[in-house]
């Protein structure tokens, strides 16, 4: 009887899962060989208890799996009894009452069978519970061990390993990969054994009860298997193609979102949208082809299934009529084999999960087994009692493991006596920081040795060595806990008094006492709640509580403004007393009083001595000091280059900061914390996105209504096939009462043909159902994606500044949201229609044939349905709850891994490990509770079927004996309703996750409906006929929305008349680039106004306004297309003719270079223009700006990134471009702006000085000192 459960649930579950996983993955795995670990290795962390759990779980799974085939034996015997006795009940009701005898016998027989069913049900109840809960328990225990071991292994790796691995990847491994293992070693293994047991038991029962029929049915199975395999192959080929097309669309979107400022400034939104839609169209076409081919094969599969029913019934009936089998036997064989065959489908997702787990475990176990050369957990090595602090580097060579071919140190020799302060100076990238890292033994030198007190540091115990060293680095990392805890990381057993003493020494006591929570103030993620100077002082206190013998200060004050610098510097001078100190500084004024100053160049020390000695030598140090003569205001070129816009500067005032990231791969751990915030963001989003009704989503698909009509009709037909099957089945059983054999054979032939007919019908209905909904779904996905992309391009800059809308997050949203919504509309609707039709027609037919039994069964259906739904919910909910629970642990892990350098230099690995382990108890306790709950719901949903069989047939026999129903009607009612219910229970399992889809839809609609503050698509506002080009800023006040508390412009007023050139100068972060962004109307000022030709910018149409401006920025972004297309991007309002492109190129001095390229103007420039040099990119950007014939030209440090040679060429091009246009120039190289009509010096967001070059020099103010500093630079 359970055939249908099998057909409806499992068969379809089989399609569902194939589609989702197994085959498409196999297809992909062939392409890239995935490393898997051995089957048993996966369980290498199981102890005897786990093994016992797994052993008992497997035994019970096998027992549980054998239940259904055994039930079929009972069913067969019962059918025989019914059929034999039916002859006695063909008389009218009143007779049967008088002939009590056979009725009494039948009822007794039925009662006995009811007990058998109940017995089996009881067995299944226990077995299913043990199977699921024991496997889940064992998995939970092992996963906890794996997480601990894995985190421990990560913490003990050496730095070089992290440089190569990248920290973000490790975080995903710790969360996603471990949960893949957990998926693969838990209840899925039990399910697998259960399915395999069902398979074998089914076939064994089949062979014992009737081998002939078994062989005939088996002959058909290969064809069915083959059709499934072909189907899966087709699917995976199309899926790969579709993914490739979507990936291309994704790349376009990512490129546009990554360069959003350029796109908006040049009005390129529609161009990007068209490029995106072109790729989406391709994907859609492939998707539709996929829907056609996949559904043809699905139709064929159903045709084959029905054909096999027809053959089996026809052959079976022949055997029954020739008295070889009884009808019961034939039934037993038929259903046992079917159940057995379909159980294979159920094993597929389990095998898939297991393969995923083996793949994930390969990487994880590999890391666990990796033994680092520098092991901070090791107890080996010398642990000296007291350290004097004499350091010596002798002939040290070194290159970073991640870039082994670039040598950083090339034979470094340096001696530091105990208690001395040595300062290291030199250009960026010369090896200063590397020296500090080698001393902490974060790396080992490739040649040479480093010794402390004459002992090679490799002989020290690693932990001991690091405990005697205190480090304060340029970007101190604080952990998101309280101030006191942060200081305690310096030394675990430190008392509150010691903390206060250290804080006083670090000049931090006063500001801490002013905070409301004092020492218990939380510092936020990476110390975000504190200013740079405050963080720095806490880091110094943290280094001091260690009471280190050796203090390493790596640009400890570079991130500070003058005021905090003085305080921190005083703290450092106090801290240095009596300790051996190595200082790295770019501000040379801070190291004048060092005992020894060592000048680095190119990985070796070229000079050392005191300040006065080195000044006499006139070497490197002398040159560096001269550049900085003005002292107060460093304009050292080398940093300014790296600062692409002042936003970066605003985040961290340091000039050197960006430079360091580029220079030093070792700073990788500064990788943006945003990536790890993505998960949290999704939660933030969930909280504030209003939910969306299902109908609203459907409305988007309303143009495709004909597809929906056809699809729904077919789905209803598919649903009705099942009750039709029940009718034919009951009719066939009824044939085999006493009677004429020839008539029987004739009827059987007829019914077999009807089965075949149903098969042909199902081919068409399944194909049409799948195809129509599939096509409508593809159209919807394409539509949603392009609407979403369009809506994103429409947003204002402040929206893009929000970390929740980083390029990565937006690209992911574009890719996943639309697909998830499709999952919940197309196929889901089809399934709902199909299952409702199934249960609906089933109930109607049942009421017609036997309302009493139908009522009894309907009272049971809710239980079966609810149990099915609960089980599916449990399955889905598991992962979600675990994720929540794991977040606390994940936070600790993420923090430790991202800031691994800090953790290691503070020797706090053990502390983090114990915090992590403590946080794992929650998820583990959860998994125990979950194991039991899940076990109970699963066992109830599995056993209920057996109990309902018992009740149904016992009551059925009563109805038959009393003449209320015929036997065939009992079978009909029973199969129609039970199968309908089973289908309903399963519907929830293969319908894609509805909740996810709702969330995605909600997110998409909130995006579609968001009204940007400055709408780039808007047609409102004035479109003046002519524009002279004068620009005025009137008392403008502005802060960036993402950092509302950091003032940028504080009442800025300036004016530039038409045709004039205005130059803006000032230190980084003073608001120069902000002026350009306000003019482009990326943002609106908070107070004051920006006027163009006397009209307020807000009143002008945005598109018109931007069309008047041409912008060339310091780091111009080019798109991955040809040179001609990049230049033409300057004017997206029309198709730019080729001769104009050439003219612009000539004006920008780039034409001769383009002519030398083989493909000339059709040369592709590569991603972000990587195929070109800086100067070439810069000149193409100038040509791009000139194409639009702008009235106002904005040059934001357009030459700063260039070497002298290219600078000259580009500068000429710019001078040519400025003719007859209003021009606003931002420059750090003052020589380039001497001939500007007006020079404005900005400081702290206000105008401090203005005038021509000569006037300003005469004032001897800020501009004067800046020119002087740079005059020194020229002799470099």
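Backbone N, Cα and C atoms are what each Cβ position is placed from, and that goes for glycine too.
Feature annotation from Swiss-Prot assigns topological domain 'Cytoplasmic' to 1-47, 137-185, 236-293, 352-708, 774-828, 871-930, 992-1276; the stated evidence is similarity to another entry. Positions annotated as transmembrane segment by Swiss-Prot: 48-70, 116-136, 186-207, 213-235, 294-315, 330-351, 709-729, 753-773, 829-849, 851-870, 931-953, 970-991. Annotated domain 'ABC transmembrane type-1 1' per Swiss-Prot: 54-356, in sequence order, evidence recorded as sequence analysis. Feature annotation from Swiss-Prot assigns topological domain 'Extracellular' to 71-115, 208-212, 316-329, 730-752, 954-969; the stated evidence is similarity to another entry. According to Swiss-Prot, the domain 'ABC transporter 1' annotation covers 391-627, on the basis of sequence analysis. Annotated ATP 1 binding site per Swiss-Prot: 403, 429, 430, 431, 432, 433, 434, 474, 1174, 1175, 1176, in sequence order, evidence recorded as similarity to another entry. The annotation ATP 2 binding site is assigned in Swiss-Prot to 533, 1043, 1068, 1069, 1070, 1071, 1072, 1073, 1074, 1114. Taken from Swiss-Prot, the feature region 'Interaction with HAX1' covers 622-646. What Swiss-Prot records for 708-996 is domain 'ABC transmembrane type-1 2', and it gives sequence analysis as the kind of evidence. The feature domain 'ABC transporter 2' is assigned by Swiss-Prot to 1031-1269, with sequence analysis given as support.
Confidence over the topological domain 'Extracellular' (730-752), given as mean pLDDT on the 0 to 100 scale, stands at 81.
Nonlocal intrachain contacts for the transmembrane segment (116-136), taken as residues 6+ away from its ends with a CB within less than 8 angstroms of a stretch CB, comprise 53-54, 56-58, 60-61, 63-64, 67, 70-71, 74, 186-187, 189-190, 193-194, 927, 930-932, 934-936, 938-940, 942-947, 949-950, 953. Through the fold, the transmembrane segment (186-207) approaches residues 54, 57-58, 60-66, 68-70, 72-73, 131-132, 134-136, 138-140, 213-214, 217, 332-333, 336-341, 343-344, 346-347, 349-351, 353-354, 934, 938 of its own chain, all at least 6 residues removed from its boundaries and within a Cβ separation under 8 Å. Counting other Cβ atoms within 10 Å of each Cβ, the lowest count among the binding-site residues 403, 1072 belongs to 403. With the fewest other C-beta atoms within 10 Å around its C-beta, 1176 stands out among the binding-site residues 434, 1074, 1176. For the pair residue 403 (ATP 1 binding site) and residue 1072 (ATP 2 binding site), the Cα-Cα distance reads 37 Å. The recorded stretches the transmembrane segment (753-773) and the transmembrane segment (48-70) do not share 3+ CB pairs below 8 A when only pairs 6 or more apart in sequence are counted, and are therefore not in contact. Between the domain 'ABC transmembrane type-1 2' (708-996) and the stretches 54-356, 391-627, 1031-1269, the greatest number of Cβ pairs separated by less than 8 Å involves 54-356.
Cα of residue 434 (ATP 1 binding site) to Cα of residue 1072 (ATP 2 binding site): a distance of 34 Å. Beyond the ends of the topological domain 'Extracellular' (208-212), by six or more residues, the same chain brings 73, 76, 319, 324-325, 329-330, 332-333, 336 to within a C-beta distance below 8 angstroms of the stretch.
Residue 1176 (ATP 1 binding site) is 29 Å away from residue 1070 (ATP 2 binding site) when you measure Cα to Cα.
Here the topological domain 'Extracellular' (316-329) has long-range neighbours at 75-81, 83, 209-210, 212-213, 732-733, 735-736, 741, 744-745, 748, 752, meaning same-chain residues at least 6 beyond its ends whose C-beta is under 8 angstroms from one of its own.
Neighbour count (other Cβ atoms within 10 Å of the Cβ, all protein chains): 23 for residue 1070 (ATP 2 binding site). If you measure from the Cα atom of residue 1074 (ATP 2 binding site) to that of residue 1176 (ATP 1 binding site), you get 26 Å.
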